[in-house]
Amino acid sequence: MEPEEKNPESKYGDPRKFDPTFKGPIYNRGCTDILCCILFILALLGYFAVGILAWSQGDPRKVLYPTDSKGQFCGQVGSPLEKKPLLFYFNILKCASPLVLLEFQCPTTQICVERCPDKFMTLVKALRKEDDREYYKQFCKEGVDMTKVITRRCLPALETLKGGVVVVGNKTTFTDDRGQNINATDLLEASKKSNVVVEARAVAMRIFEDYTQSWHWILLGLVIAMLVSLMFILLLRCLAGVMVWVMIIMVVIVIGYGIFHCYMQYASLKGQAGSDVTIKDLGLQTDFSVYLQIQQTWLAFMIILCIVEVVIILLLIFLRKRLLIAIALIKEASKAIGHVMSSLFYPLLTFALLSLVIAYWGITAVFLSTSNEPVYKVFNTTECMYSRDTCNPETFNSSNITTECPDAECLFAFYGGETLYHKYLILFQFYNLFLFFWCANFVTALGQVTLAGAFASYYWAFKKPDDIPAFPVFNSLGRALRYHTGSLAFGSLILAIVQVIRVILEYLDQKLKGAQNKCAKFLLSCLKCCFWCLEKFIKFLNRNAYIMVAIYGKNFCTSAKDAFFLLMRNIIRVAVLDKVTDFLLFLGKLLIVGIVGICSFFFFTGKIKIVEDAAPSLNYYWVPILTVVFGAYLIAHGFFSVYAMCVDTLFLCFLEDLERNDGTADRPYFMPERLLSILKKSNEGVKTVD
């Protein structure tokens, strides 16, 4: 057979040439992208140094406990204030100051108390009776009637009567200890300002409480999701064709049930008082269950699900002729996984490594954000030249500030610092985020290269399973770590840079939301869209580049170029086979998430009578539901990523097989009979093992 002529005008390179010695992944290879490997190792060492520094300086108690004017933690176990978990403001009116939003601290004396006051009293009134005087001592100054606790803070319980009249303790005004009349409306404004800086923590604390109440049920839900995913994969291995059609039908049914449930909820709220309020009028509520009591929420859910249902049905109609080809490719992937069963358990390693990366990033971020020192400032009611200056509470009473400003106090203002470490704290946070993206992408890339090497060994084995090497996954993992750590770090670095830029753009977008510059907003929106597309393209290119790295052992740039040119030379087949298969696998993940999500919804909302008593009492029942749904998607994605990587690897090998070979006795195809028959090709005088 004459060698094929080289085409000098080929835009995307020349097709692969026949090589009788090529039998799959090359074992005689060398290290690639060594400089990037060294850079990655140095970056990891720096990451560990930042973590150690943060853990030595940080104090997570600042997130969990309120802080009084002396910087002490209210309610901390083992401290003198252990039995005083609540924070009481001396003068809530001072919380209306803009300084609250700037310094995240209300400029008034704050103390830790055992319980909030439940009596309306002034100092003059308290001095008349001994009982009142003893009660008043707990708070030093007058309390307010019917107070409530928000994030362990005592705030006045204000009510709005018909006509918009604001009252506190059934009074529109009250007299303070200086004899001045104070309107309840002023209290309302002050409460709102003070509540702004603590509302987020209130939600976080409630969510944290929900997790402490439901974590074991969440864990059980994730285990069920893992079992369902594993069972689905095993059924797909044995009955690929049947399971794909079952999967398609079930997805349509599950989404249809979601539409029906949303409609029933929408209909049941019709005519109920307050259900016709719009989400815009309702505004931001920390009790998210309020949104489920209005019709517009369920109408929005129903519209979204209807759109998803219509899109899926239309895609299935237009792709009906290509589904058979995609199903055949999935069957071949099922067969490959059957011969490389250890590949199904590799996602557990990826999941463990990603969990480690996420945990390290989260803990480091918390310690960095709480590694500031308490800063005290001078607060006063009269004019004073030292106002808002930093001070030392231990030496404040003996300083000349108290002489010149008798009413001045040295109070805790916020957490900060003037040291070199505190000045560059924001850079440490940025470095923590960047390394998180880099490490997470590296772990994902390691899994892709490992699985690609294993499945390529299966495809290029002419007599299957006799020619498949022993322990293909373990051998592929060893090759990836030994020779290609630098290439994995290179591809992960490019993706991490793009992801960090996207985070910065999102941050700028939040800052410019209140701006009036339409041009800046438009430009920012365009940049966000461009970098989103760039990230998707890089992920696609990296994935195929890693397959080439696993097979040929070349550096990242060469592998990326070879993979891109190979795909572009076969762009029609890429659109017909690869993307349709990805769509079917996505439907499988959607089905698993839908099943687990519906079951968790009925359990945590107490709609299953058999286990109604076992369901935990929660602030937000959507917290465990969303956690289970998100976790189920990650688990399903982990299992189906094996299938997806298998399909992509077999697809690239399949394209190379078509270029290298022609089906003759000297150059037989390595693809199985099933794919040969679909492409209307055959091996002349040679029978492949199917």
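For all residues, glycine too, the Cβ spot is worked out from N, Cα and C.
Bear in mind that TrEMBL entries carry predicted annotations, made automatically and left uncurated.
Features of the protein shown, as given by TrEMBL:
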type	residues	note
TRANSMEM	34-55	transmembrane segment
TRANSMEM	215-235	transmembrane segment
TRANSMEM	242-260	transmembrane segment
TRANSMEM	298-319	transmembrane segment
TRANSMEM	340-363	transmembrane segment
TRANSMEM	435-462	transmembrane segment
TRANSMEM	483-505	transmembrane segment
TRANSMEM	583-606	transmembrane segment
TRANSMEM	618-640	transmembrane segment
Recorded stretch, among 34-55, 215-235, 298-319, 583-606, 618-640, maximising Cβ pairs under 8 Å relative to the transmembrane segment (242-260): 583-606
In contact by Cβ distance (the transmembrane segment (34-55), the transmembrane segment (618-640); 3 or more pairs under 8 Å): no
Distant-in-sequence neighbours of the transmembrane segment (435-462), which means Cβ under 8 A and at least six residues beyond its ends: 22-25, 40, 43-44, 46-47, 336, 339-340, 343, 346-347, 349-350, 353-354, 357-358, 361, 468-469, 472-473, 475-477, 479-481, 484, 488-489, 491-493, 495-496, 499-500, 542-543, 546-547, 549-551, 641-642, 645-646, 648-650, 653-654, 657, 668, 670-671, 688-689
Residues from the same chain, set at least six apart from the ends of the transmembrane segment (483-505), whose C-beta lies under 8 A from its own: 29-40, 433-434, 437-439, 441-442, 444-446, 449, 524, 527-528, 531-532, 534-535, 538-539, 542, 545-546, 549, 553, 555-557, 559-560
Most Cβ pairs under 8 Å with the transmembrane segment (298-319), selected from 34-55, 215-235, 583-606: 583-606
Tertiary contacts of the transmembrane segment (34-55) (same chain, 6+ residues out, Cβ under 8 Å): 360, 363-364, 367-368, 371, 421, 428, 431-432, 435, 438-439, 442, 485-487, 489-490, 493, 556
Same-chain residues at least 6 beyond the ends of the transmembrane segment (583-606) whose Cβ lies under 8 Å from its Cβ atoms: 214, 217, 221, 224-225, 228-229, 232, 236, 244, 247-248, 250-251, 254-255, 257-258, 312, 315, 319, 323, 326-327, 330, 612, 615-616, 618, 621, 624-625, 628-629, 632-633, 636-637, 640, 643-644, 647
